């Protein structure tokens, strides 16, 4: 009888230790268990990431080196391209590498670092898109005051503010999450770490933190999106009321801006603000946000902007001349 009691006590202690052991790493479930589909996804992520690096770096170099593009709109565009490159680089390289492994793991510190960087760059991009809308509003609705309002110091201040707000947004998201205990389940149902999924694994009541995430990321995304749509609506009405030779060019630029806004805020709103999450849809939107949108942004801005295409041709010609001379 005593031996049976001792064995039962030992079993209970072992079970308690197993269920309350400190988690040191998370297992990423990924996108699919199918080997054939993983090969396709590897090729998809690899090709898109190479395109992201090439496209966004090309925009940054073109804007930096071409004096014809030293204007506020292109300065903000170069900052947006750099942020897109950073956002994709937080998740894409590890995701590509993970396709070679059956067991996809990430340390707890690495997981929270990924979350911090995602929200840091995401918050910065949100503010940058709002700043680009303000730039177009001033250029179209107050053209005589444009050079005064959007001077060099203001542009630099906008970029610094965007990065500062991104940092504060990310810190506010993680301030309480990093101290949560993780002692049991450690499987993240995604191909990268994101706060809503990681919070579900904590061995504590995370109801207040869930509300904070919705208030911080969800409401901020929705409010910014509505503000941008209203701003672009006012700009479009102004273009209709003041038809001129430049109206078609302004309309083309606005179309590119609005498209990028929809591509960025659509996934954010569904992931952080939608009250009825669907796992398959969330994963699709996560892929779209991490590798599709950062690739589409440079394509949209390049194809719909004559000045960018002309500047890239000048850059290509300069490179050809340089190699011929050398």
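Using N, Cα and C of the backbone, Cβ positions are placed for all residues, glycine too.
Listed ranges 196-217, 218-239; the one TrEMBL annotates as transmembrane segment is 218-239.
Feature annotation (TrEMBL): of 286-304, 305-323, the stretch labelled transmembrane segment is 286-304. The largest share of C-beta pairs under 8 angstroms with the transmembrane segment (146-168) comes from 112-134, of the ranges 73-92, 112-134, 218-239, 286-304. Touching of the transmembrane segment (73-92) and the transmembrane segment (218-239) is ruled out by the presence of fewer than three CB pairs under 8 A, sequence neighbours closer than 6 excluded. Packing against the transmembrane segment (286-304) from elsewhere in the chain are residues 31, 44-45, 48-49, 51-52, 55-56, 58-59, 77, 80-81, 84-85, 87-88, 90-92, 95, 190-192, 194, 252-253, 255-256, 259-260, 263-264, 267-268, 271, 312: each is 6 or more residues past its ends and has a CB under 8 Å from a CB in it.
Relative to the transmembrane segment (112-134), the listed stretch 218-239 leads the set 39-61, 218-239, 251-274 in CB pairs under 8 A. Tertiary proximity for the transmembrane segment (251-274) is limited to same-chain residues at least six positions away from its ends with a CB under 8 Å from its CB atoms, namely 73, 80, 122, 125-126, 129, 132-133, 136, 194, 196, 213-214, 217-219, 221-222, 224-225, 228-229, 232, 235-236, 239, 281-282, 285-286, 288-289, 292-293, 296-297, 300-301, 304-305. Averaged across the domain 'G-protein coupled receptors family 1 profile' (55-301), the predicted model reaches a pLDDT of 86.
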